[in-house]
Structures are given as structure tokens and as C-alpha cells.
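Asks: Below are the C-alpha cells for one structure; questions will follow.
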Amino acid sequence: MDSAAVEIDGSVMEGGGQILRVSAALSCITGTAIKIAKIRAGRSSPGLRPQHLTGLQLVSDLCSGGLQGASIGSTDISLTPGKIRSGNHTADTTTAGSVCLLLQVALPCALFADGVSQLCLKGGTNAEMAPQIDYTLKVFKPIVEKFGVHFDCNIRMRGYYPKGGGEVAVTVNPVKELQPVTMTERGTIAKIYGRAFVAGVLPFKLAKDMSAAAVRTIRKEIKELYINIQPLQEKEKAYGNGNGIIVIAESSTGCLFAGSALGKKGVYADKIGIEAAEMLLRNIRHNGCVDEFLQDQLIIFMALAKGTSRIRTGTVTLHTRTAIHIAEQLTQFSKKWEETQTFLEGLQILCHGITLRFPEGVGECLM
């Protein structure tokens, strides 16, 4: 291993896949060799799982890199990146591992390729412990477009636990540089909408029950808005059986928030709808401009942008603190934290980003 490699402790803070994704992407973009040790050390099944391994292999493919030690169960890997390549790249977890997490690690890399990238990502489109593809397209995508990020995503097939079988085709346009973003004014909630779905042999009634339960729950707190949660039966473009719901709230200033849940064996559909609605309400109450699942996903774009980004949040999550911690190690950030606003006003993440060609760039993230 190159002595100049940055050593990353894979067990710190969040201690999971977040460290792998942010480390690998920033390694690829900055051209910095990395060595990650103690990967997922605190988990019940330590080391790389199929989704993590597939993500690392995808990044290595994108940057013509040298990836060592990467196998299922491995707790130590090294990545020596080369030049980021545009063109066609395929990644298949062969499980229900999340295609959205594959996109999280690949998208930042593809933005700095020498041309348009085509990503074929296979696995679970609606998976536990990961954003649903609907969240990625309806919440994440519109917000990262504010940075100047442009990608198209075609859902060829939806896939669910435990079989997976989903596939999305993503086209990523390269950028000259990312623009800073300011999101500090939440405004008022103007729209609430969503989708409740069933696929495979599951009865359509489950979708209607999830939708109705979510609407009832939201109505207890927000009475003045029309709530449009469409129940849907997925047939042709769905592999296997699955059900779930996502509910999205849009503010008058363009902020987006979501709550979601997936069906589980033995759990009533009403409970799934209530879970998603309560998650949405929790994310609205904090009066920030992003929800708890988006804030950590934006850190890498804030770090790479040209200029200062400001994003108002609710309570800063451990995932977000982890993303900032890794960004500090791989983009020469000086660590400095400030929590000056009251909880009721929310917290503000402030980041002085660095630009596309930045081997000597310096920035800092403040919160």
C-alpha cells in the first residue's frame, strides 16, 4: 500500500456503509489513495456485504482504480484511483442491495468524468435501510440539481427484498464545477402527495389501506391541505412481491421532505401508512429545509462546490457528522463546528467548498 494513502477508520461514528461511500467517492474524485480498516466492525455481520462490495467495485471501474482486499466479509480494503472514465458502467449486487446506495457512491464520481456516463444499476429499488428509488427521484434529485447536478434515471424494473431483481438506467452529465447552494428559508408547507404501492401477488387493498392510514395521521396535524397519496398496483415493471409508501411535503420555497415505509410480513398495512406519515411529520416539525435523510447526502456536494453553501437542518444526524468527518480527511477541511442557533430555529450547516480541480484546495465545514 502506498505510504501516501489516507487511512480511514471504518468503525468510527456511524461505523457503516456511509464511511465507505463517502471515502470511495472522494478518493476517486480527488485522486487520493485510501486505506479503510475495521469496516463495519461494530455490526452483527462485520465487513463488506454484497451492496458495499458492489459499490466499491463500481467506483474502481469508474476511476480505473486499483482495489485490493475487497471481498465479502473483508474488513480492510485499499483503493488507488486513476482517471475517471465516462462511458458505460454496470453494477449488480445480485441481491436486494439498494441501487440507490450504488447511485450515492457513483454519482459524484461520474460528475467529474470527461463525458456523459451511463450507469446500469441492479438490485433492490425499494429496500430497507436505504432511500427508496422514489425518494431519490422526487426529493434528492430536485435538490442536487440546485448544485448544477443533472442526471436522468429510468426505472426499468422494480425489485424488492429478498430477491432484488430491480434495475435502473442512469445518465449522468459531467459538470465544470458545482455551484454553492443556500437553503435557509423553509416557508410554509404547500403540497403533500405520494404513492402507496403493491407489487406481485399482493392485493391492491393494501395500497389503499396504507394511503388512507397515512392521510388520517397527517390530517390530525395538518388540516388545511389536500393530501394526494395515490394507491398503485405495480405489474409489468416489478420483480417479486412488495408493498410500501412514500409521502412527500413541498414547501413554498421549494424545500422537500419525505416519510416512507416498506411492508413487512405480519405487519398490517395501516401501520405501514402511519409509520410513513409520522416520519414525514417529524421532518416537518423541526422547521429545517431538508429532512433527516437528505442532509448527509448533500455534504459531498457542498464540499466540492465552488463557494459557500448554507443549509438549515433539524437535529444533525450521525450520518451527517460522519460524512463531514470523512470530507474533512479527504478534502483538507479544517475541522470547526459551531452550533449557535436554537433548536427551534434549526441548525445551519455551513460549508466553504472546493472546486473541480482542487489538489491544493482548502475549505471548511461548519455546523
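Numbering starts at 1 and runs along the chain as it is shown here.
In case you wondered, yes, glycine gets a Cβ from its N, Cα and C as well.
Quick paste from TrEMBL:
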DOMAIN    13-333  domain 'RNA 3'-terminal phosphate cyclase'
BINDING   Gln104, Phe293, Leu294, Gln295, Asp296, Gln297  ATP binding site
DOMAIN    184-284  domain 'RNA 3'-terminal phosphate cyclase insert'
ACT_SITE  His319  active site, tele-AMP-histidine intermediate
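Mind mapping these onto the model and telling me what they sit next to?
Replies: In the predicted structure, the domain 'RNA 3'-terminal phosphate cyclase' (13-333) carries a mean pLDDT of 95.
Note: Gln104 (ATP binding site) has non-local neighbours Arg21, Gln297, i.e. same-chain residues 6+ apart with C-beta under 8 A of its own C-beta.
Within the same chain, residues at least 6 positions away in sequence whose Cβ sits under 8 Å from that of His319 (active site, tele-AMP-histidine intermediate) are Glu14, Gln18, Gln295, Asp296.
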Asks: Give the number of CB atoms, excluding that of Gln297 (ATP binding site) itself, located within 10 Å of its CB.
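Replies: So the number of other Cβ atoms within 10 Å of Gln297 (ATP binding site) is 25.
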Asks: Determine how many residues of the domain 'RNA 3'-terminal phosphate cyclase insert' (184-284) DSSP places in helix, in strand and in coil.
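Replies: Final tally across the stretch: 31 helix, 38 strand, 32 coil.
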Asks: Can you check which residues sit near Phe293 (ATP binding site), meaning Cβ under 8 Å from its Cβ, same chain, 6 or more apart in sequence, and list them in order?
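Replies: Once residues fewer than 6 apart are set aside, Phe293 (ATP binding site) is near Pro131, Tyr135, Val139, Ala258.
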